[in-house]
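Asks: Features from TrEMBL:
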- 1-172: domain 'Peptidase M12A' (DOMAIN)
- 58, 62, 68: Zn(2+) binding site (BINDING)
- 59: active site (ACT_SITE)
- 212-317: domain 'CUB' (DOMAIN)
């Protein structure tokens, strides 16, 4: 997963003494000993009951330097922690990392500024380490993101942080393309840009190609977008209005296999920052209308091989 999106390459080296070491054990515990490089072996413990690709990628993220997204110092602007429902043994995984830094005597952290992304691979899902799974441990301030948290996919910004830190010289000396919409030169192919999901082309200037998406335009009358049939498809639509207007929309219907982290979903990207993961709907469908922060929204349909459907209504919103 990390190799596909970054310049990093993982090679077995039994002679290395300063390296990540994956340790397979029985049980349901998966964890990393340290955050970031600490010198010597950096053990990642993988229990047999949690040895899934996204879990290994998550723990590898810690070894590469990531803290949990929900432990960011600014997390209270985006989420609330229901401490009464957090298992005692998991308390440390929910503390803001500045508190953790003080507890462990670590003096510095990177000042790198990345917007809060509910769809980060490093974000726990809403009932992670819950005493009662009928109640949340993490509650997003914008409830529509409740099933976006805990994804098994790497977010665009996850890869960008690693590429910014480890891959700055990957395209050194090359004449680089100017990437649009927050894209950047792909360290695995410097002739192309890595684009936020929903955008494509060499410079992120066009809608991401798909067999079932399209460019749509909202008008002063309500219109309806209905998902196509088929489970093994990925569809991308962009709904736009003239500059100075907004898109008002609502998910009027939908049916997906329900899971925190939404493996089969419709995602709507309506924020001004296109790099951010949109809200993914599979269990929870917002009852109220939403309004875009710019003059466009992106709709991503990812049934993931499952029987799924949605209906979206949209209209132009004048300011």
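Don't overthink the numbers, they just go from 1 along the chain as shown.
Just so you know, glycine gets a Cβ as well, placed from its N, Cα and C.
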Asks: In the structure shown, with every protein chain counted, which of the recorded positions 58, 59, 62 has the densest set of Cβ atoms within 10 angstroms of its Cβ?
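Replies: The residue with the densest Cβ neighbourhood is 58.
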Asks: In the domain 'CUB' (212-317), how many residues does DSSP call helix, how many strand, and how many coil?
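Replies: So the counts come to 0 helix, 51 strand, 55 coil.
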Asks: What Cα-Cα separation, expressed in whole Å, is found between residue 68 (Zn(2+) binding site) and residue 59 (active site)?
Replies: 10
Asks: Averaged over the whole of the domain 'CUB' (212-317), what is the pLDDT?
Replies: 94
Asks: Need the DSSP three-state call for residue 68 (Zn(2+) binding site) to compare against my parser.
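Replies: Its secondary structure by DSSP: coil.
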Asks: Can you tell me how many other Cβ atoms are located within 10 Å of the Cβ belonging to residue 68 (Zn(2+) binding site)?
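Replies: The answer is 22.
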Asks: With an 8 Å cut-off on Cβ distance to the 58, 62, 68 Cβ center, who else from the chain surrounds the Zn(2+) site?
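Replies: Going along the sequence, the neighbours come out as 32, 59, 61, 66, 67, 121, 122.
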